[in-house]
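Presented below is the structure to which this report refers.
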């Protein structure tokens with residue numbers, strides 16, 4: 001009985017190994033697209049995995065520009081995910097401030113995160129009052145207890161809870177014509193410093209009303225916390 005000839009390794013569009021190599025080359029770009037649109041590391045990673053599954057099952061031989069095809073696929077998936085996330089945020093709003101993520105190994109991802117953060121800060125400056133900004137950022141981005149926020153902005157704890165709730169609703173409001181905006185750079189700088197070093201004193205100082213503040217107790221450095229539902 002004649003032995004079957006050894007199967008030759010294929011390197012064309014139908015070869016899964018070849019498809020994986022193409023995908024790995026553009027993966028950082030795909031993650032950047034997803035992260036910029038969603039502001040969530042976990043959701044961006046899940047979406048890139050979904051794009052990979054679709055890349056495996058599509059007719060790759062008909063794709064003339066894999067990078068453009070994958071970018072388009074990722075963008076469409078992100079739009080669908082963002083629309084679903086907006087429905088979820090009818091009861092909870094948090095992702096306006098993008099998740100912290102280590103961008104040291106990927107300058108492009110660093111640029112994506114910077115753009116996402118700047119957009120979030122501009123929206124917060126446009127739609128929220130100073131007290132709402134302070135309460136919302138300290139609560140949603142750094143998981144401050146309501147009592148600590150109340151001490152910083154000189155309000156009662158119930159009033160602080162109302163501020164956070166009102167801020168969430170205002171961030172969900174329909175877009176409006178942008179008025180003259182405040183300079184976002186001081187808030188961006190303070191937020192980045194707090195996220196990177198855990199030192200929130202500059203951020204507290206910037207967000208607090210222009211009156212003397214008496215600390216109730218020394219504050220230990222905090223790290224950004226993933227927003228969680230109330």
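Numbering starts at 1 and runs along the chain as displayed.
Using the three backbone atoms N, Cα and C, a Cβ is placed for every residue, glycine included.
Noted in TrEMBL for the protein shown:
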DOMAIN    23-85  domain 'RNA polymerase sigma-70 region 2'
DOMAIN    120-171  domain 'RNA polymerase sigma factor 70 region 4 type 2'
REGION    202-230  region 'Disordered'
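For the domain 'RNA polymerase sigma-70 region 2' (23-85), the number of residues in each DSSP class (helix H, G, I; strand E, B; coil) is 56 helix, 0 strand, 7 coil. DSSP assignment over the domain 'RNA polymerase sigma factor 70 region 4 type 2' (120-171) gives 42 helix, 0 strand, 10 coil.
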